[in-house]
Amino acid sequence: MKPNKCKAWIRAARPQTLAASVSPVLVACALAYRNNVFQWMPAVLCMAVAVLAQIAANFFNDYFDFKKGADTEERLGQQRAVASGWITPKTMLTGAFVTLSAASLCGFALLIYSDWWLIFVGLAIALCVPAYTAGPYPLAYHGLGDLAVLLFYGVIPVCFTYYIQAQEFAWTAGWLSVAMGLLSVNILLVNNVRDREQDAQAGKRTTVVMFGRRFGTTLYLINTLLAVACSWPVYLYRSRNIWFLFIFFLMIAWLAWQELSRQHGTALNHTLAITARNVLLYAFLLIYVLVF
């Protein structure tokens, strides 16, 4: 059944994946709080930029994947708004630019609290949001999606959310940014493992298309282990042992990896959901260690 316009836009925003943008900002804010440099307004603006940029990226992906033939009736994942006829291509493209403009306005507001040169970081984000699936060299179609996710859902949001509040970079923020980015890459890997055959037919050369399903499932496990390893600085923030929390997370992530390795097709939509949940769960784990 065709949803109403409001529900169609909500589905197109893919709220179930927004943990990828929310989590790194939360972790950076927790670190800022721990170091007594937390500021409410910059934190809220950073969150707005991150979430709006991801929603804009989802809208652009919806539009350009439809135009490139990557979204068809054989799609295994969540229905796309344009391909399903819920929203016209022109309206979706307009919505993408409006959302990106809103993210940009929030980014400009952040200049009040920090250095002018951060405008170049904002420009990089604004350019890469549509470039993920658009332009002469779309990143997602040339095996660069994983790197883009690592940078824009890990390194950039954690490091710069912290910098804007503290007015300096921190090594701990750098390590945690990689950890969060690697876990967000896992969300993309589940998508790419599930859609490998359809992506290959559409000419979308993801790393899973290029190197195979086994590569994707193995990288998922490696990313999880590296994420926990990269979180080593937080061990120094607590006087008592906290290793059991990370072991607990690894056990949960192990179950998700087993499901990814065994399941196929639409069954992987559940794996996608729990992988996104695990990103948020790990963020809360780090917040607990840093704040409480």
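Keep in mind that glycine also has a Cβ here, set from the backbone N, Cα and C atoms.
Predicted automatically and left uncurated, TrEMBL annotations should be read as such.
Per TrEMBL, transmembrane segment is recorded for 42-60 (among others). Listed by sequence, the residues of this chain that lie at least six past the ends of the transmembrane segment (42-60) yet keep a Cβ under 8 A from its Cβ atoms are 12-14, 17-18, 20-22, 24-25, 28-29, 32, 92-93, 95-97, 99-100, 102-103, 106-107, 109-110, 113-114, 122, 125, 129-130, 132-134, 152-153, 157, 160-161, 164-165.
Per TrEMBL, transmembrane segment is recorded for 92-110 (among others). A Cβ distance under 8 Å defines the sequence-distant neighbours of the transmembrane segment (92-110), meaning residues of its chain 6+ beyond its ends; these are 9, 12, 42, 45-46, 48-49, 52-53, 55-56, 59-60, 62-63, 81-82, 118-119, 122, 125-126, 129-130, 164.
TrEMBL lists 116-135 (among others) with the feature transmembrane segment. Sequence-distant contacts of the transmembrane segment (116-135) (same chain, at least 6 residues past either end, Cβ-Cβ under 8 Å): 49, 53, 56-57, 60-61, 64-65, 68, 96, 100, 103-104, 107-108, 110, 141, 145, 148, 152, 156, 160, 164.
Here TrEMBL flags 147-164 (among others) as transmembrane segment. Outside the transmembrane segment (147-164) by six or more residues, the chain places 20-21, 24-25, 27-29, 31-32, 39, 42-43, 46, 50, 53-54, 110, 113-114, 118, 121, 125, 128, 132, 139-140, 170, 173-174, 176-182, 184-185, 187-188 with a CB less than 8 A from a CB of the stretch.
Marked as transmembrane segment by TrEMBL: 170-190 (among others).
The feature transmembrane segment is assigned by TrEMBL to 211-235 (among others).
As annotated by TrEMBL, transmembrane segment applies to 241-260 (among others).
Feature annotation from TrEMBL assigns transmembrane segment to 272-291 (among others). Note on the transmembrane segment (272-291): residues 16-17, 19-20, 22-24, 26-27, 30-31, 33-34, 77, 176, 179-180, 183-184, 186-187, 190-191, 194, 227, 231, 234, 237-238, 242, 245-246, 249, 252-253, 255-256, 259-260 of its chain, located 6 or more positions outside it, place their CB under 8 angstroms from a CB of the stretch.
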